[in-house]
There are 2 protein chains.
Amino acid sequence: MNKIYNPQPETWSTLCKRPTQTFTDVEETVKQIFKEVQTKGDQAIIKYASFFDNVNLEVIQVSAEEIASAKNEISTELKEAIQLAKSNIYNFHQAQKTEKIEIETTIGVTCWQEKRAIQKVGLYIPGGTAPLFSTVLMLAVPAKIAGCKEIVMCTPPDRNGKINPAILYTAELCGVTKLYKVGGIQAIAGMTFGTATIPKVYKIFGPGNQFVTIAKQFASQNGVAIDMPAGPSELLVYADETSNPKFVASDLLSQAEHGKDSQVILVTTNKNLLNDVEEEVYKQLKELPRQEIAQVAINNSKLIYVETEQMALDLINEYGPEHFIVCSKNEDFFVDKIENAGSVFIGNYTPESAGDYASGTNHTLPTNGYSKSYSGVNLDSFLKAMTFQKITQEGIQNIGKAIEVMAEAEGLQAHKNAVTLRLNQK
Amino acid sequence: MNKIYNPQPETWSTLCKRPTQTFTDVEETVKQIFKEVQTKGDQAIIKYASFFDNVNLEVIQVSAEEIASAKNEISTELKEAIQLAKSNIYNFHQAQKTEKIEIETTIGVTCWQEKRAIQKVGLYIPGGTAPLFSTVLMLAVPAKIAGCKEIVMCTPPDRNGKINPAILYTAELCGVTKLYKVGGIQAIAGMTFGTATIPKVYKIFGPGNQFVTIAKQFASQNGVAIDMPAGPSELLVYADETSNPKFVASDLLSQAEHGKDSQVILVTTNKNLLNDVEEEVYKQLKELPRQEIAQVAINNSKLIYVETEQMALDLINEYGPEHFIVCSKNEDFFVDKIENAGSVFIGNYTPESAGDYASGTNHTLPTNGYSKSYSGVNLDSFLKAMTFQKITQEGIQNIGKAIEVMAEAEGLQAHKNAVTLRLNQK
């Protein structure tokens, strides 16, 4: 682990830099596959499923029978855990519903804002080493609460053409309407253009590797909205002498096991704690099944000592972590003043794992410093705010003159006329 | 105007298509300028201001003296109109503030969501034929309410290096913190990377021509968020026999004068109205100073007759207009069931001009069918929703088992350990 003592503010922008990724090779591949899916539809989907996932698919859509039998393939214990998580996620996202906002800005001029569901959404669930049914919960539950009519999900099958039963069970439980055995670039392209089988959607959600990340960029250039740009997962812990070094180490490791490119940082005002945490990390690391992955991330990780809490806070706001754990005697100071973080975990008994799975908050969060400008996925991600206005004949008399003057000053005579005609109507 | 009777649903996707724009040439230019601004900063800004805007700038930032003297250069009438508009826009956006949402999802597990301001935002105000001070109101007012610390504005100067006084007056009135005489691609690049003079921002807002549109795409690939993808402005009017053909024609023309590529559509269930509106359009068109521009948009416009209100509604939802005016005996039917529109204007005395300037709603809205997935600019556009959680020792006992089971099933042992260690703590 890299220990850094008293870094001066002029070095922070370098200290906060994420590894840059170059995508030139990937872009050509993505472009090619998008073009083929757009012109050849399902035929291209099947071709690339064979090419990338080594599977020969005759039917892309998951059948009702496959979903039904998934229920019997997972343990009652896991089903109950998923149901508990779903209930908490449901309650937290349901609480985010907002009422219509209506005001009469001037007498006779009534304006309101209402949120309406995005009608068709696409959820992408990556395959690979871990079956991420937790991500199904995080995306499908708020989509359902929002009232999205069509909730399409794509996830790559294994070599036998099967999808992990926990993913199928969770998708069914959360109200996914259509499920496809398609992964990677071809899945994103399919939901962008639509094929004979896969519906075109209006917004695509979900994490993925660099191929999926670039594919989502292409999707957004082809008229489809995306949840946010993706990047390697991140955790920054601020801890002082009131924290438990064992817990802190376990949190850093839970981030490190995600991938070799995971970003792991400890900031502290206590030098002893810094050393204690380091020692604990190496002790716990030895026991992990994903040790090889975690080791690489830990080698790149940073343990940063700063002299004051204010300094710590400023550095953390400059970094803008995806996940921010704070274990401090002055936790309120950090909680009140943190400006840039995806999700904040407070106190010794609040591990990041809680938010990853079951506390109720969403785990789809902005990485790579995007917490400075992006929200994590929340209920509003599945809704559009629309405005409405209704003006009476009295109302247009009250604001009409101002509109005429402004339209004239902007040189837009027809805008003015639309008001003048109404003002002159007896 | 193109009259279309009873278009069948299978033709709607063609009918709703916007003209495609190809940007290949533009992309190379944007790429080059971004590269130069990134490496050479202000020097590149000054070079391109000379190249594109034909102006030799020594100082990029607008001075306090220039702002002060702008006040004396515009009429009291215009100042009062701007103040009235500001007051309505302020009140409507202030009403959009949301409270902290907090729930205890399980005993001992408290989750909340709070919105915090994006610290640094950049507003782009185009130059060209019309001095769009109304767009300053629409962007700076909500930015200020949100609490953005740095509100940077860029707008191109005229050949004498001057900015229209109405723009300067409005910027000062609305609390813009820093103002620069920079336009086009170089302005967007400057706010993306930062220069010695122009601050780097976290999110860029505002309309622009195709160069600005592509530049904003590049900005978003370089880590800066943007408000939404831009495109030519659009108006769709649904009107029946209870509408006033003069008013409808004036609304269509106010859209048409924006630009030759403006999208203008009337949908009606009444054939007589269709003809009456057409006649009125040509009558009013002759009187417009921007007749030449409006004529082109009107030539491309569509007057569509359909047999039922349901058919009309379905077609409108398929199109997803930026602005939607409804003048109908059954206005509630359309207002309740419209799914895809940026902003809705209801009744005979609610011209689009009202929302463009002074009623209180925002005029920065999704075009090109993006109303299916994007909100128009609103208070939340300047905020991030962040989540927080605090779990007690009792709380982790309540959800810890579920987290362990789920982490194990996803093959993430370190995630499980972070919980197990806490569950075992006496």
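If you go along the chain as it appears here, the first residue is 1 and each next one adds 1.
Any Cβ shown, glycine's included, is placed from N, Cα and C.
Cβ neighbour count for A:E322 (active site, proton acceptor): 26 (other Cβ atoms within 10 Å of its Cβ, all protein chains included). Mapped onto three states, the DSSP output places A:E322 (active site, proton acceptor) in coil. Positions annotated as active site, proton acceptor by TrEMBL: A:E322 (among others).
According to TrEMBL, the feature active site, proton acceptor maps to A:H323 (among others). Under a cutoff of 8 A between CB atoms, and with a sequence separation of 6+ in the same chain, the neighbours of A:H323 (active site, proton acceptor) are A:S233, A:E234, A:L235, A:L236, A:Q255, A:A341, A:G342, A:S343, A:F345, A:E352, A:G355, A:L365.
The secondary structure of A:N209 (NAD(+) binding site), as reduced to three states from DSSP, is coil rather than helix or strand. Residues or ranges marked as NAD(+) binding site in TrEMBL: A:Y124, A:Q186, A:N209.
Under the heading substrate binding site, TrEMBL lists A:S233, A:Q255, A:H258, A:H323, A:D356, A:E410, A:H415. Note on A:S233 (substrate binding site): other Cβ atoms within 10 Å of its Cβ, all shown chains, come to 23.
According to its DSSP assignment, A:Q255 (substrate binding site) is helical. Residues or ranges marked as Zn(2+) binding site in TrEMBL: A:Q255, A:H258, A:D356, A:H415.
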Which of the recorded positions A:S233, A:H323, A:H415 have a Cβ lying under 8 Å from any Cβ of chain B?
A:H415
Any idea what DSSP makes of A:Y124 (NAD(+) binding site), helix, strand or coil?
strand
What's the most sparsely packed of the binding-site residues A:Q186, A:N209, A:Q255, counting other C-beta atoms within 10 A?
A:N209
Comparing the binding-site residues A:D356, A:E410, which residue's C-beta has the most other C-beta atoms within 10 angstroms in this structure?
A:D356
Residue pair A:Y124 (NAD(+) binding site), A:H258 (substrate binding site) - Cα distance, angstrom, rounded:
18
Measuring Cα to Cα, how many Å separate A:H415 (substrate binding site) from A:N209 (NAD(+) binding site)?
49
Candidate with the highest Cβ count within 10 Å, taken from the binding-site residues A:H258, A:H415:
A:H415
May I have the list of same-chain residues other than A:Y124, A:Q186, A:N209 whose Cβ is within 8 Å of the Cβ centroid of the recorded NAD(+) site, in sequence order?
A:P126, A:C154, A:P156, A:G183, A:G184, A:I185, A:A187, A:I188, A:G208, A:F211, A:V212, A:A215
